[in-house]
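> Once you've had a glance at the structure underneath, I'll fire off some questions.
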Number of protein chains: 2
Amino acid sequence: MPYRRSAFFISDRTGITAESLGHTLLTQFDALEFKRETIPFVDTVEKARGIASHIRERAAADHHRPLVFSSIVNPDVREAVKVDEALCIDFFETFIGQIEHELHHKAELSVGKAHGVVNEERYDHRIEAVNYSLSHDDGIKMKGLDEADVILVGVSRSGKTPTCLYLALQYGIRAANYPLTPDDLGHDGLPAQLLAHRQKLFGLTIDPLRLHSIRSERRRDSKYASVDNCRYEVNEAESLFRQHGVPFLNATHKSIEEIATTIVHQAHLTRRF
Amino acid sequence: MPYRRSAFFISDRTGITAESLGHTLLTQFDALEFKRETIPFVDTVEKARGIASHIRERAAADHHRPLVFSSIVNPDVREAVKVDEALCIDFFETFIGQIEHELHHKAELSVGKAHGVVNEERYDHRIEAVNYSLSHDDGIKMKGLDEADVILVGVSRSGKTPTCLYLALQYGIRAANYPLTPDDLGHDGLPAQLLAHRQKLFGLTIDPLRLHSIRSERRRDSKYASVDNCRYEVNEAESLFRQHGVPFLNATHKSIEEIATTIVHQAHLTRRF
């Protein structure tokens, strides 16, 4: 039987917090194999008891104690999830007392504020930002760039669109993007449409071989996807960024989260919530 | 001087984990005001010392001890962030020893795996899912629905698009969406294009007054945005869902995270990473 542990991420709401920290901890044990399961919306003692049985069964089947990472506000629900047959860590419980003590203030013990609709204004910001990014994707619409918080610039398939959408969804930031096409490259000037918005530009670049591999998925054996062309476009784009003082980052070995967070940080963008 | 505490979320990588748990904890103290600051990519002792000075200055200016929530893998960097003038909690440090003990295994202490490009395959799944959602947004393209993991159905402005994008970005899930237009409503059958994919349908509904308010932002005083029409469309859509056994949820008081997580859970969708 291979060594394999079950890992549960349990929450009274979405499970995003429990997953996020649990995942960070488990990635430190890459040599081991984990079977992961997220169980959201465990908000009654009855549901919690069902989950506890499920964990006990898994412990018996695995012949190893599962790891249970939870973030549950209600103390009764929290207790009902805990079983002796597993290592149970509740992130909320671990810290809330310490913070109450520091703040001289009792926690309200209300569930689901972190990822709930805290207020409609915040929700609207995100939806508007998503709509903004969609209508200003790939240079479709160059009107309204005054409203952009940031304009991502880069060659085709350098990761602009997912990054814009992540910025909108996660931070409520209005991110437009402009693709540098072959017409924009090979000479010194920035595309005319971008000149008025130089302060908002942020460049994305990518390793030419990785670009070649991504583009080949779309159009194999095309000039567009050829190594030579990818190298040419990337070189030209980077030299344009340097020439005009456009900050840029290399997206090749970064996740969407890392790219987006780096841009927020380096461009000093203000989150809309 | 109003009572206000500074809260810092500090990380050697994106700060998403530190923010997520820190935010969850702070929402339990709604009566208090926090000035929040996220500082990502603190990955050297030198940077950490700079941050420590910044926190000390803030403590002096605030006349209150800041709260510092960190998640830092390297012990030297972690220690360099800590200051006596603040409550410093490191999420990583708090649990890693306990987990090492449980697993009889030493943590690798490697930074940035959780939100890094763990492997290109995972990255590709997300990008593909985003592209899929974009090309199957608002029923633009009905071809390729065989590849959809889920198809969100609902009236215009019920939250389908942001939810699809969140499912793609967060979970690598291919989510198409189909808007129920007035043509699709008022009779008993599902739209013909959806019949072959009944098992993949998931409905979104919304409170008619909230819909009225959202639609009015776009087209004030139109029939489209009128309370009567919103009420009619929502009623018809819900009756269609009920008639055809399409699971659905009411998105009115839910955040994008909650809507997406609920769909993953209820429709038993498999995350692509």
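Cβ coordinates are placed from backbone N, Cα and C, and glycine is handled just like the others.
The ADP binding site annotation in TrEMBL covers B:Gly154, B:Val155, B:Ser156, B:Arg157, B:Ser158, B:Gly159, B:Lys160, B:Thr161.
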> Going by Cβ pairs closer than 8 Å, show me which of the binding-site residues B:Gly154, B:Val155, B:Ser156, B:Arg157, B:Ser158, B:Lys160 neighbour chain A.
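From B:Gly154, B:Val155, B:Ser156, B:Arg157, B:Ser158, B:Lys160, none lies near chain A.
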> How many other Cβ atoms sit within 10 Å of the Cβ of B:Arg157 (ADP binding site)?
22
> Which ones in the same chain are close to B:Thr161 (ADP binding site), with CB under 8 Å and 6+ residues apart in sequence?
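Set apart from B:Thr161 (ADP binding site) by at least 6 residues yet with Cβ under 8 Å, we have B:Asp137, B:Asp138, B:Asn177.
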> So around the ADP site, B:Gly154, B:Val155, B:Ser156, B:Arg157, B:Ser158, B:Gly159, B:Lys160, B:Thr161 aside, which residues have their CB within 8 A of the centroid of those CB atoms?
B:Asn177, B:Pro179, B:Leu204, B:Ile206
> Within a 10 Å radius of its Cβ, which of these binding-site residues (B:Gly154, B:Gly159) has the fewest neighbouring Cβ atoms?
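Per-residue Cβ counts within 10 Å for the binding-site residues B:Gly154, B:Gly159 bottom out at B:Gly159.
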> Over all shown protein chains, what is the count of other CB atoms within 10 A of the CB belonging to B:Lys160 (ADP binding site)?
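B:Lys160 (ADP binding site): 29 neighbouring Cβ atoms within 10 Å.
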> Tell me, if you would, which residue among B:Ser156, B:Ser158 (binding-site residues) has the fewest other CB atoms within 10 Å in the structure shown?
B:Ser156
> With H, G and I counted as helix, E and B as strand and the rest as coil, say where DSSP puts B:Ser156 (ADP binding site).
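Its secondary structure by DSSP: coil.
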> I want to verify one value. Collapsing DSSP to three states, which class is B:Thr161 (ADP binding site)?
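It is helical.
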